[in-house]
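Scroll down for the structure; my scribbles are underneath it.
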Amino acid sequence: MVCGSPGGMLLLRAGLLALAALCLLRVPGARAAACEPVRIPLCKSLPWNMTKMPNHLHHSTQANAILAIEQFEGLLGTHCSPDLLFFLCAMYAPICTIDFQHEPIKPCKSVCERARQGCEPILIKYRHSWPENLACEELPVYDRGVCISPEAIVTADGADFPMDSSNGNCRGASSERCKCKPIRATQKTYFRNNYNYVIRAKVKEIKTKCHDVTAVVEVKEILKSSLVNIPRDTVNLYTSSGCLCPPLNVNEEYIIMGYEDEERSRLLLVEGSIAEKWKDRLGKKVKRWDMKLRHLGLSKSDSSNSDSTQSQKSGRNSNPRQARN
């Protein structure tokens, strides 16, 4: 038998991978788990219908994977990245083919990075971070190993991801798919969203690079800032997605309210941000709102300190009989 013979070992060492794979399939105990139909509801719309367990996150069954992937439903609902669902399914329900049955195929590093860039700002906003078990650093690069990306999959109906006209090698969400939910600048919204920065700025340029849109603006006035330094100069507002929401027009002047990425010292223009045409009246309103917000914050702090002091005092005299004695 070729597999067990010295000649077979020599052939294996010589790099005849096809023969080696055949040998492994025939050796008892070396057989890998077979492909199985995708049963994870979130992943049934993806362009592959066969997967294999355990997956890249070491879930032994799809039932376990379903419970784990459900935690991302809320993040998927924000549409923070067109690559997020593809990336998650490539990790939780990896594609399985006859040619690659021994080890699930990993998603490409670039897919992970695009998903993280688009969605990490949303996670940061709610005091979370990108999950460590979904780290991009260890994933293969497209031209150095076997991996999958949306660009590499063409369905019977053609490519699911249209070509980006600004980069022939990049495919992403088309601008026609971007539906921005308008948010008006009101005191209620300002209090609820608690923005990290508010600036008056003129839009100089909108840069589109693959799955990222960046707005280049000239800062005219800083109405509010937090930890990230904002110069009275040209700065970038990072959307970290293929959509510019809220929309901006070049050469127009806006009042912009958004969030920041402290770790990267970036100003973010993401879901929940506001951009309205600049009006002096609106600028004055926002300054008043911010003063109220600061006052409310101080009042709450003073109130809690007062309550704490009062409770300590009342604690010492909690028993009237003891006090009289």
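Cβ coordinates are placed from backbone N, Cα and C, and glycine is handled just like the others.
Now, the feature entries from Swiss-Prot:
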type	residues	note
COMPBIAS	299-314	compositional bias 'Low complexity'
COMPBIAS	315-325	compositional bias 'Polar residues'
DOMAIN	33-150	domain 'FZ'
DOMAIN	178-298	domain 'NTR'
REGION	297-325	region 'Disordered'
SIGNAL	1-32	signal peptide
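DSSP labels the residues of the domain 'FZ' (33-150) in these numbers: 52 helix, 9 strand, 57 coil.
For the domain 'NTR' (178-298), the number of residues in each DSSP class (helix H, G, I; strand E, B; coil) is 26 helix, 47 strand, 48 coil.
Summarising model confidence by region, the domain 'NTR' (178-298) averages a pLDDT of 88.
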